[in-house]
Amino acid sequence: MSTVVCVGSYDPLTFGHLDVITRAANIFDRVIVAVAKNSKKTYLFPARKREEFIVQATEDLANVQVVTWEGLACDLATRYQAAALVKGIRNSKDTDSEMTQAFANRQLSGIDTILIPTSPENALISSSVVKEIAAYGGDVSGFVPPEVAQALQREFDASSENGNPTRALANPSA
């Protein structure tokens, strides 16, 4: 049985993330999607909520399991006896960053990293851009699942009611 691990912050989950997760699920027997939890990072949504978004969006993928993880990706891969880590890439900047991480993970544990290019229609989607659009009341329904779009709208509506439409962009929560 081939198991792979997809680690990301997924803050928020986008159609680009789902594209990579779905394609990995079509290739491998088991996909562990790990929601990264890093106490040194600031997240818009807490890890539990990010995990819920992925569980909802992947409910039709029987071979996908969603977990929360704080630590090294290669350690999680070892825990699940994964054959590889899977990462999505949109462009050369992503490739450079992921290659650096892949080299480190390989050095630390011997685990390989498989890079899956996102589909062209998702290549320009980033969580940062989605949050920026949502912060100013833009429609993000073309970039994220419905549950995520609704949560973003609620988050930024609450922020603007308090006089700061972008306050939620810097709201620390894990």
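Every residue number used here counts from 1 along the chain in the order it is shown.
Cβ coordinates are placed from backbone N, Cα and C, and glycine is handled just like the others.
According to TrEMBL, the substrate binding site annotation covers SER9, LYS41, ALA73, LYS87. Taken from TrEMBL, the feature ATP binding site applies to SER9, TYR10, HIS17, GLY88, ILE89, ARG90, GLU98, ASN122, ALA123, LEU124, ILE125, SER126, SER127, SER128. If you look up TrEMBL, you'll see 5-132 marked as domain 'Cytidyltransferase-like'. Positions annotated as site 'Transition state stabilizer' by TrEMBL: HIS17.
On a Cα basis, LYS41 (substrate binding site) lies 21 Å away from ILE89 (ATP binding site). According to DSSP, HIS17 (ATP binding site) is assigned to a helical segment. Residues of the domain 'Cytidyltransferase-like' (5-132) grouped by DSSP class, helix first, strand second and coil last, total 58 helix, 29 strand, 41 coil. Taking HIS17, GLU98, ILE125 as the binding-site residues under consideration, the smallest Cα distance to SER9 (substrate binding site) is found for HIS17. Taking Cα separation as the measure, LYS41 (substrate binding site) is nearest to SER127 of the binding-site residues HIS17, GLU98, ALA123, SER127.
Taking each Cβ in turn and tallying the other Cβ atoms within 10 Å, the top scorer among the binding-site residues ALA73, ILE125 is ALA73. Around the Cβ of GLU98 (ATP binding site), the same chain contributes LYS87, ILE89, THR113, LEU115, each under 8 angstroms and 6 or more positions distant in sequence. Closest to ALA73 (substrate binding site) in space, going by CA atoms and restricting to the binding-site residues HIS17, ALA123, ILE125, SER127, is HIS17. Put plainly, the binding-site residues SER9, SER127 were compared by Cβ crowding within 10 Å, and the winner is SER127.
Counting every protein chain shown, the number of other Cβ atoms lying within 10 Å of the Cβ of HIS17 (ATP binding site) is 25.
Annotation for ALA123 (ATP binding site): spatial neighbours GLY16, ARG90, ASN91, PRO117, criterion Cβ-Cβ under 8 Å with sequence separation of six or more. Residues listed for substrate, SER9, LYS41, ALA73, LYS87, cover a largest CA to CA span of 20 Å. ILE89 (ATP binding site) counts 18 other C-beta atoms within 10 Å of its own C-beta, drawing on all protein chains shown.
LYS87 (substrate binding site) is surrounded by 24 other CB atoms, counting those within 10 A of its CB over all protein chains shown.
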